[in-house]
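**Q** Dropping a structure here in structure tokens format, bear with me for questions.
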Amino acid sequence: MSKDIHDSRILILDFGSQYTQLIARRVREIGVYCELWAWDVTEEQIREFNPQGIILSGGPESTTLENSPRAPEYVFNAGVPVLGICYGMQTMAAQLGGSVHSSDKKEFGYAQVEKVGNCALFDAIEDHITDGGNGVLDVWMSHGDKVMDIPQSFKTTAKTSTCPHAAMSNEEKRFYGVQFHPEVTHTHQGQRLLERFAIDICGCEKLWTAAKIIDNAIERIKETVGDDEVILGLSGGVDSSVVAMLIHRAIGEKLTCVFVDNGLLRLNEGQQVMDMFGNKFGLNIVKVEAEEQFLNDLAGKSDPEDKRKAIGHTFINVFDEQAKKLKNAKWLAQGTIYPDVIESAASATGKAHVIKSHHNVGGLPADMKMGLVEPLRELFKDEVRKIGLELGLPYDMLYRHPFPGPGLGVRVLGEIKKEYCDLLRRADAIFIEELHKAELYHKVSQAFTVFLPVKSVGVMGDARKYDWVVSLRCVETIDFMTARWSHLPYEFLGVVSNRIINEIDGISRVVYDISGKPPATIEWE
């Protein structure tokens, strides 16, 4: 009998670092399943999860403060290897009898750590060798506190000029602490260190692969729904597209996809979705023309949150109407992914602050008596894309820039009108087309056009024109938490601007948004 892909597993306890999800993604890239839980997990929950190793993440708190987060005592009594990263190392040291002090010299950014003695975690892993023969690692630091005294039975395994205990270990208990962040790419050997911990020290097997994830998902879908029919709201985005392919592979024609054309999509997007999933892949797909209904429900609304809620409410009503026509559908499929699950858990505990309401429609109508199928709820976005490729979806679709759930509803500023959407669709298509032509599209993280509800004077030939303004927006980011505006070539911007103004009657001016995040958000609304 083949092994379950979840049999080898690592537990990551989150102490609030901005890099914690990155740790989980790196561990999974190695081929090992892991889950991310809040630091205040109970002993019973850890026992039930039964991990082969535990990682303690970094965090913004200070272990020198009385009420700062601590790892559950059971973590150090569970008999499995433990890796503490940054704050995780500090709380390990403090809880096991060492001491942590605030440092006069804080370390943020690139640093070199020199290996000291022998350590299973670092063995034969280094970037440089000192004249004295010691290995050196290029790493990324981000800490204000430091371990002053390591616990008894621990030894120092790395140091810097300002941090005498940059890493420590208890080889007998297989406890390891590193003051730097192996999960970020700036730590050049970081992935090797995480692999050393997960595979060699914890004894995990590489069971978490795209092909095995697909097989497991299909098996679970079949077990869950049996011979029942399933309905899916297909948007053409990455998540719902991969869900559609997975469920179709599992149950074939018993899946009905509902594609709602709300009039807020990109140019020709509705036809592209129908061609790909209906004609090419042979899915059972129902297209609902709902532009008029959405625009009517949005009339008079200019506040972004009001627009979002109206779009979400109308979608639920339209979708519910279709679902009632499919009397045999007993299951609703959704494209929930792992970060959504983490975000929901954080919100439930009051640890998250809502900046914008979530784009995805949350919850079902009270009278929709259906079970829920969420085949992607264990997966990060990069994993969803990888299995999408394995399922045969085209690269350009899977790696297309993010498009918000409300679509052009949050890219037309103020009140939504069909005229504005039509102008914006064409302007945005020109911008994206030129990015592809210049081979810039996949070098930036997100690019789009925004319709501004203001008019500007222009001149065409000898005639004066007084028409609308659009703004181009293009950013580069790793995690979308922060972003810098893309420094696109002036010549390129000139080509885009000229094409938009010359080819689209109704637009007289094009501007370029040079706001970073923070202080601005990536989307305007």
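Cβ atoms here come from the backbone N, Cα and C positions, even for glycine.
Not my notes, these are from Swiss-Prot:
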ACT_SITE  Cys86  active site, nucleophile
ACT_SITE  His181  active site
ACT_SITE  Glu183  active site
BINDING   Ser235, Gly236, Gly237, Val238, Asp239, Ser240, Ser241  ATP binding site
DOMAIN    9-207  domain 'Glutamine amidotransferase type-1'
DOMAIN    208-400  domain 'GMPS ATP-PPase'
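Can you walk me through where each of these features ends up in the structure?
**A** When other Cβ atoms within 10 Å of the Cβ of Cys86 (active site, nucleophile) are tallied across all protein chains shown, the result is 26. In three-state terms derived from DSSP, Cys86 (active site, nucleophile) belongs to neither a helical nor a strand segment and is classed as coil.
Spatially close to His181 (active site) yet at least six residues away along the chain are Tyr19, Gly58, Ile85, Cys86, Val139, Trp140, Met141, Ser142, Thr187, Gly190, judged by Cβ distances under 8 angstroms. Mapped onto three states, the DSSP output places His181 (active site) in coil.
For Asp239 (ATP binding site), applying a Cβ distance below 8 Å and a minimum sequence separation of six or more within one chain yields Gly335, Thr336, Ile337, Leu376, Val384.
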**Q** Provide the three-state secondary structure of Val238 (ATP binding site) computed with DSSP.
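**A** Assignment for Val238 (ATP binding site) reads helix.
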**Q** Rounded to the nearest Å, what's the C-alpha distance separating Val238 (ATP binding site) and Glu183 (active site)? Just drop the number here, would you?
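**A** Pair distance, Cα basis, whole Å: 25 Å.
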**Q** Any idea what the Cα distance is from Gly237 (ATP binding site) over to Glu183 (active site), rounded to a whole Å?
**A** 28
**Q** Give me the non-local Cβ neighbours of Ser240 (ATP binding site): same chain, 6+ apart in sequence, Cβ-Cβ under 8 Å, ordered along the sequence.
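**A** Non-local contacts for Ser240 (ATP binding site): Leu232, Gly233, Leu234, Gly335.
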**Q** Show, in sequence order, which residues other than Ser235, Gly236, Gly237, Val238, Asp239, Ser240, Ser241 on the same chain lie with their Cβ within 8 Å of the centre of the Cβ atoms of the ATP site.
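**A** Near the ATP site, the remaining chain residues are Leu234, Val242, Val243, Ala244, Gly335.
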**Q** What Cα-Cα separation, expressed in whole Å, is found between Ser235 (ATP binding site) and Glu183 (active site)?
**A** 33
**Q** Applying a 10 Å Cβ distance cut-off over all chains shown, what neighbour count does Ser241 (ATP binding site) have?
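**A** Excluding its own Cβ, the number within 10 Å is 26.
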